[in-house]
Amino acid sequence: MLKKEYLKNPYLVLFAMIILAYVFSVLCRFYWIWWASEFNEYFFNNQLMIISNDGYAFAEGARDMIAGFHQPNDLSYYGSSLSTLTYWLYKITPFSFESIILYMSTFLSSLVVIPIILLANEYKRPLMGFVAALLASVANSYYNRTMSGYYDTDMLVIVLPMFILFFMVRMILKKDFFSLIALPLFIGIYLWWYPSSYTLNVALIGLFLIYTLIFHRKEKIFYIAVILSSLTLSNIAWFYQSAIIVILFALFALEQKRLNFMIIGILGSATLIFLILSGGVDPILYQLKFYIFRNDESANLTQGFMYFNVNQTIQEVENVDFSEFMRRISGSEIVFLFSLFGFVWLLRKHKSMIMALPILVLGFLALKGGLRFTIYSVPVMALGFGFLLSEFKAILVKKYSQLTSNVCIVFATILTLAPVFIHIYNYKAPTVFSQNEASLLNQLKNIANREDYVVTWWDYGYPVRYYSDVKTLVDGGKHLGKDNFFPSFALSKDEQAAANMARLSVEYTEKSFYAPQNDILKSDILQAMMKDYNQSNVDLFLASLSKPDFKIDTPKTRDIYLYMPARMSLIFSTVASFSFINLDTGVLDKPFTFSTAYPLDVKNGEIYLSNGVVLSDDFRSFKIGDNVVSVNSIVEINSIKQGEYKITPIDDKAQFYIFYLKDSAIPYAQFILMDKTMFNSAYVQMFFLGNYDKNLFDLVINSRDAKVFKLKI
């Protein structure tokens with residue numbers, strides 16, 4: 001009897017659904033923990049390392065907050081939202097720092113089930129919410145960006161807008177004071193957590209205003225909700241925002257009759273004018289330029305040089321095909337189609353769900369802006385599928401028993417989740433760095449000072465700063481080609497040029513932090529160098545850096561290290577592109593070749609490589625299509641650490657070299673095809689061959705995974 005009473009209590013049923021969905025989401029994310037724990041190379045400091053490159057930026061910020069300080073201009077994320085939350089969790093919980101950053105996403109991202117279930121409950125459809133929560137919490141795109149070890153702001157980047165959507169729908173349906181104050185609260189939290197959400201928040205508030213004008217134009221509480229929400233978009237300090245919002249909320253709650261539509265109109269107009277004057281549209285324009293129109297601001301800033309745009313090389317902002325798009329959102333194409341149909345049906349039944357359109361549309365921008373956006377559509381489409389399944393059950397109940405209907409729904413849910421389970425099983429993401437790489441960088445921390453710089457590619461900027469506690473020129477947050485030009489140049493040009501550019505770029509970068517806002521150092525460091533060295537032709541200036549008699553007039557203020565990891569060989573052609581571009585035209589008109597490969601097959605005296613090259617078994621030539629190309633030399637590398645290699649000359653007039661790596665830390669880089677330009681690059685000569693000028697560099701860390709050189713000039 002007591003059991004039946006519990007089952008009849010809607011709040012207990014709702015609570016049980018939330019707990020079950022949350023536990024389900026967490027357990028699914030623990031699969032990666034179980035799998036990764038089998039590999040010792042994924043551990044550092046007795047804990048699994050994280051799998052998110054950007055996560056190291058927030059980890060560095062949290063580490064510095066725990067220490068209580070950081071170096072000026074070190075690009076630390078000190079005080080950022082995720083770093084701050086991590087700091088407080090470290091202070092109030094008994095867990096280690098490494099454990100906190102590993103598991104935060106596991107537990108926080110699973111909170112998405114709460115607003116989904118609560119939202120469906122507003123429509124008196126608990127089954128819709130429960131099924132949607134199960135699907136949304138582990139759908140491919142959402143799982144990939146919130147799995148265990150994915151330490152990033154993505155862990156709440158969908159949770160918070162779903163709470164905003166829930167309170168908007170609740171406001172429409174109930175018109176209650178709780179929703180009125182909760183709505184701006186969650187918008188404010190979302191903006192603090194993820195400042196790039198500004199555009200989405202504007203879209204949500206704008207649509208809410210339009211909805212109000214169409215369906216509730218005579219109800220004052222909706223206009224007050226728009227005003228309070230809009231105030232969170234302002235650039236004033238949060239405590240001023242909070243004070244104004246609380247005062248206006250209290251005035252409305254206590255003096256509704258005196259706040260007539262004229263006063264509300266004046267308040268609304270004043271709020272709008274204030275937002276425009278405070279630069280409220282600037283964040284929207286930036287997001288559109290970078291992700292949709294793919295513009296690189298560096299060309300505008302420099303008014304001269306046209307650099308390579310880094311967002312063209314990031315997988316997250318590449319366009320995706322429609323099948324992949326559907327799978328990422330709903331786990332499979334068929335579930336996506338059912339979800340889309342269900343969402344349209346849901347809109348027809350409950351017009352307030354139109355408030356979900358900005359979130360859904362942002363996810364659909366993945367077709368143009370890249371796969372990273374698909375995560376936004378996941379919960380909205382899941383609600384559509386949940387609604388469809390709840391309607392299907394209603395039809396079944398009319399024809400069959402309750403038991404039969406429940407069995408059918410359970411079976412359909414399992415079938416829906418099956419592709420997602422397969423994806424979770426197959427998606428075995430490695431940690432950002434291996435244990436050896438992390439240990440090497442931790443060793444560098446004991447060699448370098450906090451004010452010293454490490455010159456390396458931007459992919460490694462955040463981890464290098466976290467493990468070595470140094471400064472870097474670039475990192476995952478620098479998306480302008482003008483920043484990445486310098487490390488690209490230092491790694492892909494000859495040693496002399498690399499040494500000179502490393503010193504110049506670091507010293508000029510430091511000077512730029514203290515330059516006036518209108519100084520050329522703020523807009524383009526390369527142009528500032530040319531100005532100081534009385535050079536007007538960029539090609540001549542860059543060529544002069546290769547000359548031994550080039551004199552650096554800039555005073556040396558700190559030590560500089562070059563970090564050259566083995567893994568960079570997989571992307572070195574991309575790395576080099578940033579400095580081989582024609583700075584006058586923005587066109588990559590200086591062709592070069594650097595291509596890693598592994599053997600696929602051997603037949604008829606030929607070795608078929610993974611990059612499409614067919615290599616003769618005597619290594620004297622290779623074929624690309626029908627073209628046969630001679631090889632200059634074969635370089636057999638027996639030990640990268642010891643610098644043991646053998647060069648076999650073949651044709652001194654040929655332009656290409658074949659590297660055969662017998663000692664490789666990268667499993668998919670057994671062969672490297674490169675031309676003379678790349679062969680003479682600092683990365684190839686110093687890392688693979690161990691050839692470096694002792695007057696320019698000292699080798700301070702040496703392994704087959706990575707080498708670190710200290711600049712002596």
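Cβ from N, Cα, C; glycine included.
Remember, it's a predicted structure, so these values are computed and weren't measured experimentally.
Checking Asn144, Asn534 against Swiss-Prot for the annotation N-linked glycosylation site singles out Asn534. Relative to the membrane, Lys349 and Asp705 are listed by Swiss-Prot as lying on separate sides. Among the ranges 73-76, 173-176, 313-316, 433-436, the one that Swiss-Prot lists as motif 'TIXE motif' is 313-316.
In the topological domain 'Cytoplasmic' (255-260), the DSSP tally of helix, strand and coil residues is 0 helix, 0 strand, 6 coil. Of the two recorded stretches, the transmembrane segment (261-278) lies close to the transmembrane segment (221-233), with three or more CB pairs under 8 Å once pairs fewer than 6 apart in sequence are set aside. Contacts of Asp54 (Mn(2+) binding site) defined by a Cβ separation under 8 A and a same-chain sequence distance of 6+ are given as Asp152, Tyr462, Gly476, Gly477, in order along the sequence. Between the transmembrane segment (153-174) and the stretches 12-35, 97-122, 126-144, 238-254, Cβ pairs under 8 Å are most numerous for 97-122. DSSP gives Asp54 (Mn(2+) binding site) a coil state; it is part of no helix or strand. Note: the stretches the transmembrane segment (407-427) and the transmembrane segment (97-122) are not in contact (fewer than 3 CB pairs below 8 A, sequence gap of 6 or more). This prediction places the mean pLDDT of the topological domain 'Periplasmic' (36-96) at 96. Cβ-based neighbour count (10 Å, all protein chains) for Asp152 (Mn(2+) binding site) stands at 21. Between the transmembrane segment (374-396) and the transmembrane segment (97-122) there are 3 or more Cβ pairs closer than 8 Å, counting only residues 6 or more apart in sequence, so the two stretches are in contact.
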